[in-house]
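> I am attaching a structure below and will ask some questions about it afterwards.
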Amino acid sequence: MLTNFLSQQFNAGFLAENSTACPANATICDGTSCVLPEDNFNQTLSVVLSTVLTIMLALVMFSMGCNVELKNFLHHIKRPWGIFVGFLCQFGIMPLTAFLLSLAFNILPIQAVVVMIMGCCPGGTASNVIAYWVDGDMDLSISMTTCSTLLAMGMMPLCLFIYTKMWTDSDAIVLPYDSIGISLVALVIPVSFGIFVNHKWPSKAKIILKVGSIVGAVLIVLIAVVGGILYKGSWIISPKLWIIGTIFPAAGYTLGFFLARLAGLSWHRCRTVSLETGMQNTQLCSTIVQLSFTPEQLELMFTFPLIYSIFQLLFALLILGGYRLYRRHRVKTTTDVEKTEKKEDSKSNAKINGGFVSDEMK
């Protein structure tokens, strides 16, 4: 069990690193490692909101499917160069980055393991929504999310076996294959219906897509707010995890973009691969963490998936804002060039034909 292997390694470091006294209402205390009592309100809120978020997620993925052309989607499957580049980013760049960050900041073994779990998770569905807003390749985005979730069944155990052996026995980490399977089903079924609707009724699909993009925005914000409410008792963790939670998603977005560009992908596909690389399935990471660690260990790093989720969303919004500004500037520049060319054409035509040139053309 992971408890026996790691407890001796992190207790001393944790006591030195976290000097905050235990809360008065803590039920379990061992030095400064405390567990707060279960909150019935949180349990009820978790069940209700999980149901609501699941329904909203299905609707969002259905609407995203309405923007997928069946022939283009099949093209990515038959000629999977873009998917292969995304695979290298997802299960090559992210686990390696997690490993290097854990070594660079010299964090506790238990904390390094949770950073590695985050790095080995497949892409999250929020990337599909952001990819739509930055004019990415939706066919590639959907196929990458689907394939990474499917391949996670084998790649997650392999990556964890390779990278975590210096900190723990990889067998001690419980991978919830049922949760991965549910995520895959929750992704594939709504998207399939959306593709079918877009194929049969393209005009209605556009309306559904607009509504779904708005619901997607609400869903992303709601997930961040819900996480802050449910895990309010676990915010006191090592500052190093805050720093890693900030650097990690930014590195994923940046490295994913440059690798896609080096692979010769077009700009809109580079944006897609970048988002698919940096945006991880943080819900899956939280599930693995809860299944694998004891309550005492959870106090050391349980909030890290939420921290990563917040900063991956923040950087995604910055990417979206930057792209929108670039697009607006580009449209203005293009319009000015067209106006200038029209004026020059009018001048030349007037000189050739001996016509009158107005003051506006001078």
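Any Cβ shown, glycine's included, is placed from N, Cα and C.
Whatever TrEMBL says is automated annotation, not expert-curated.
Heads up, here are the entries from TrEMBL:
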type	residues	note
TRANSMEM	45-63	transmembrane segment
TRANSMEM	83-105	transmembrane segment
TRANSMEM	112-134	transmembrane segment
TRANSMEM	140-163	transmembrane segment
TRANSMEM	175-195	transmembrane segment
TRANSMEM	207-229	transmembrane segment
TRANSMEM	241-260	transmembrane segment
TRANSMEM	300-323	transmembrane segment
REGION	336-362	region 'Disordered'
COMPBIAS	336-348	compositional bias 'Basic and acidic residues'
> If you count Cβ pairs under 8 Å, which stretch among 83-105, 112-134, 140-163 touches the transmembrane segment (241-260) the most?
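By Cβ pairs under 8 Å, 83-105 leads among 83-105, 112-134, 140-163.
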> Restricting to CB pairs under 8 Å, which listed stretch, 83-105, 112-134, 140-163, is in contact most with the transmembrane segment (175-195)?
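Looking only at 83-105, 112-134, 140-163, the most contacts with the transmembrane segment (175-195) come from 140-163.
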> Any residues 6+ beyond the ends of the transmembrane segment (140-163) with a Cβ under 8 Å from its own?
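For the transmembrane segment (140-163), the list is 64-65, 68, 73, 76-77, 80, 82-83, 86-87, 90-91, 95, 98-99, 116-117, 119-125, 127-128, 131-132, 170, 173, 175, 177, 180, 183-184, 187-188, 191, 269, 272-273, 275-276, 281.
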